[in-house]
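Working notes, beginning with the structure itself.
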């Protein structure tokens, strides 16, 4: 199952990355995100690395120590391109005239939740700790922070940002900010 099912979770978040990059650049008054080519390479690396880390879901099935060491290392390497993305989003914000509109709040919420989820992922990448944390709410929190809430926040940010373009109607600013506050 994890051999084909695991790459899916890394591929599912890629459209969210694109939406967050657009929103952060737009509401920072920038033409493009900081380190555009680094962001492209980071997304490609995340997509490819997702195919070689699948067994980190199977540490408890009796793998030998060398195999666990490989998958621990390979899983931790994913932190590098994701760190590049988070750094680039924050660098895009730096020095910009930030417009504190609702899509930007969703994007900042995404960056925060994705970072917290990434930190929990680094801890879970360690096979020794993962065995201790197996079947706990720590694992549930990790994937909800990264994928569930990450994807939801990216989709909501994209929806609020592009809805006026697609429909010709503007969403009420106060109510959308209240909606963000309730969700966060």
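Cβ atoms here come from the backbone N, Cα and C positions, even for glycine.
Summarising the annotation, Swiss-Prot assigns Cu cation binding site to 6, 56, 57. Look at Swiss-Prot and you will find 10 tagged as O2 binding site, backed by similarity to another entry. Per Swiss-Prot, Mg(2+) binding site is recorded for 134, 135. Marked as heme a3 binding site by Swiss-Prot: 142. Residues annotated as Fe(II)-heme a binding site in Swiss-Prot, with similarity to another entry given as evidence: 144. Swiss-Prot lists 28-35, 94-101, 167-172 with the feature topological domain 'Mitochondrial matrix'. Feature annotation from Swiss-Prot assigns topological domain 'Mitochondrial intermembrane' to 53-64, 124-136; the stated evidence is similarity to another entry.
Each residue of the topological domain 'Mitochondrial matrix' (94-101) gets a DSSP state, and the totals for helix, strand and coil are 0 helix, 0 strand, 8 coil.
Between the alpha carbons (Cα) of residue 56 (Cu cation binding site) and residue 134 (Mg(2+) binding site) lies a span of roughly 11 Å. Just so you know, of the binding-site residues 57, 134, 142, 144, the Cβ with the fewest other Cβ atoms around it within 10 Å is the one at 134.
Residue 135 (Mg(2+) binding site) sits 11 Å from residue 57 (Cu cation binding site), taking the C-alpha atoms as the reference points.
Taken together, the residues in the topological domain 'Mitochondrial matrix' (94-101) have a mean pLDDT of 94 on the 0 to 100 scale. Under DSSP, the residue listed as 'heme a3 binding site' is assigned to a helix (H, G or I) in the three-state scheme. Around residue 6 (Cu cation binding site), the C-beta neighbours below 8 angstroms that are at least 6 residues distant in the chain are 50, 53, 54, 57.
On the backbone, the CA of the residue listed as 'Fe(II)-heme a binding site' and the CA of residue 10 (O2 binding site) stand 13 Å apart. The separation of the residue listed as 'O2 binding site' from residue 142 (heme a3 binding site), Cα to Cα, is 14 Å.
In the three-state DSSP reading, residue 134 (Mg(2+) binding site) counts as coil. Mapped onto DSSP helix, strand and coil, the topological domain 'Mitochondrial matrix' (28-35) counts 0 helix, 0 strand, 8 coil.
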